[in-house]
């Protein structure tokens, strides 16, 4: 049975505020339309068409990452936009269609599937929520009466139809309609009510964005929180007979200068961990103006960053550190450095890389004036 989804996204959405149609606005790190499209992709709906304003630059930009989508031009009203989409779908031989508001990004697979199941033995089906609030009639700011709510439902989408039936209904329809169920009923189609979902809200007012974000983020609880941090550090050479690199004392004719032990590699890794947590850098936690850190072993800083990550629920997934210098030679000490860093961070050596390169005699490292280090760390919180 050939199924298509028709997402109606040609509206202006002015009541939601923000100076931009709601379907093109950001929501929980993405755009509203992204969440809506993904909801149907997750539900296994392969053919998706979006009806949009072809001249809207925000629509063009938002839909560019989806080359697999079918597109149709919107009309001056919702019903005309739907009609345009249905006519376009007619060319690909659709048997069933789900028509959905782009501004309902929180629709869940269960709601979608229940509509599809109902179409096995009825020409039209749509989700609805039984009205539970008391209903009043009113005039001039005063209550004039109450309304029986026992037979009232709040309509939702997607609204599903046998394709030929709803296409014929729209082709005969003249005028506006609240939704496609109204068009179907005017054409004499029986419409079954399937269970709605309180979270399947339609973004209409500005405050709906915060509610929708809360709903979407609650569904993301099983998605790992993955953080990436970068660290960079430099220390110049000075008097001494060794350098500290990634926790290992490496004999050398010169030392590295710094407020602490100047372990440039460990500092870069530490800053990468802080960066992944948005916790600043070493200087924020261990100010160089504080004399107690003069000459301090850098593993103090690294251990603090590791413990802070664990206190926030993060696991250190992997660390990659590159030392940039002409000398000393790092290769003979690299495994000892990996072992020491893995011990401090409590991680498997297979997830920790320490390597070295030169700058081809360019810059301060090429002139043998000091050592630079770059590090990347990935943290994961389940």
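Each Cβ is built from the backbone N, Cα and C atoms, and glycine gets one as well.
Residues annotated as 4-CDP-2-C-methyl-D-erythritol 2-phosphate binding site in Swiss-Prot: 233, 234, 235, 259, 260, 281, 282, 283, 357, 358, 359, 360, 364, 367. Annotation for residue 359 (4-CDP-2-C-methyl-D-erythritol 2-phosphate binding site): spatial neighbours 324, 326, 365, 366, criterion Cβ-Cβ under 8 Å with sequence separation of six or more.
Cβ neighbours of residue 235 (4-CDP-2-C-methyl-D-erythritol 2-phosphate binding site) (same chain, under 8 Å, six or more residues apart in sequence): 256, 257, 258, 262, 264, 370, 371. Residue 235 (4-CDP-2-C-methyl-D-erythritol 2-phosphate binding site) falls within a strand segment according to DSSP. Swiss-Prot lists 233, 235, 267 with the feature divalent metal cation binding site.
Annotated region '2-C-methyl-D-erythritol 4-phosphate cytidylyltransferase' per Swiss-Prot: 1-226, in sequence order.
Feature annotation from Swiss-Prot assigns region '2-C-methyl-D-erythritol 2,4-cyclodiphosphate synthase' to 227-382. Averaged across the region '2-C-methyl-D-erythritol 2,4-cyclodiphosphate synthase' (227-382), pLDDT for the predicted model comes to 93.
Per Swiss-Prot, the feature site 'Transition state stabilizer' maps to 15 (among others).
Per Swiss-Prot, site 'Transition state stabilizer' is recorded for 22 (among others). Reduced to three states, the DSSP call for residue 22 (site 'Transition state stabilizer') is helix. The local packing around residue 22 (site 'Transition state stabilizer'), expressed as other Cβ atoms within 10 Å of its Cβ over all shown chains, amounts to 29.
Taken from Swiss-Prot, the feature site 'Positions MEP for the nucleophilic attack' covers 149 (among others). When Cβ atoms from all protein chains are considered, those within 10 Å of residue 149 (site 'Positions MEP for the nucleophilic attack') total 13, not counting its own.
Feature annotation from Swiss-Prot assigns site 'Positions MEP for the nucleophilic attack' to 202 (among others). Taking the Cβ of residue 202 (site 'Positions MEP for the nucleophilic attack') as reference, residues of its chain lying under 8 Å away and at least six apart in sequence are, in sequence order, 101, 103, 104, 156, 157, 208. DSSP classifies residue 202 (site 'Positions MEP for the nucleophilic attack') as coil under the three-state reduction.
What Swiss-Prot lists as site 'Transition state stabilizer' is 259 (among others), and the listing cites sequence analysis. Packing around residue 259 (site 'Transition state stabilizer') is summarised by its Cβ count: 18 other Cβ atoms lie within 10 angstroms of its Cβ, all protein chains included. According to DSSP, residue 259 (site 'Transition state stabilizer') is assigned to coil rather than to any helix or strand.
For the recorded site, residue 358 (site 'Transition state stabilizer'), the DSSP three-state label reads coil. Using a 10 Å Cβ-Cβ cutoff, residue 358 (site 'Transition state stabilizer') registers 13 neighbours. The site 'Transition state stabilizer' annotation in Swiss-Prot covers 358 (among others), and the record cites sequence analysis as its basis.
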Three-state secondary structure, residue 282 (4-CDP-2-C-methyl-D-erythritol 2-phosphate binding site) (per DSSP): helix
Cα-Cα distance linking residue 267 (divalent metal cation binding site) and residue 357 (4-CDP-2-C-methyl-D-erythritol 2-phosphate binding site), given in Å to the nearest integer: 18
Residues that sit under 8 angstroms from residue 282 (4-CDP-2-C-methyl-D-erythritol 2-phosphate binding site) by C-beta distance, when 6+ apart in the chain: 267, 270, 271, 274, 301
Residue 149 (site 'Positions MEP for the nucleophilic attack') - helix vs strand vs coil (DSSP): coil
Candidates 260, 357: member of the binding-site residues with the richest Cβ shell (10 Å): 260
Distance, residue 149 (site 'Positions MEP for the nucleophilic attack') to residue 364 (4-CDP-2-C-methyl-D-erythritol 2-phosphate binding site) (CA atoms, angstrom): 78
Spatial neighbours of residue 233 (4-CDP-2-C-methyl-D-erythritol 2-phosphate binding site) that are distant in sequence (at least 6 apart) but have CB under 8 A: 264, 265, 267, 268, 271, 372, 373
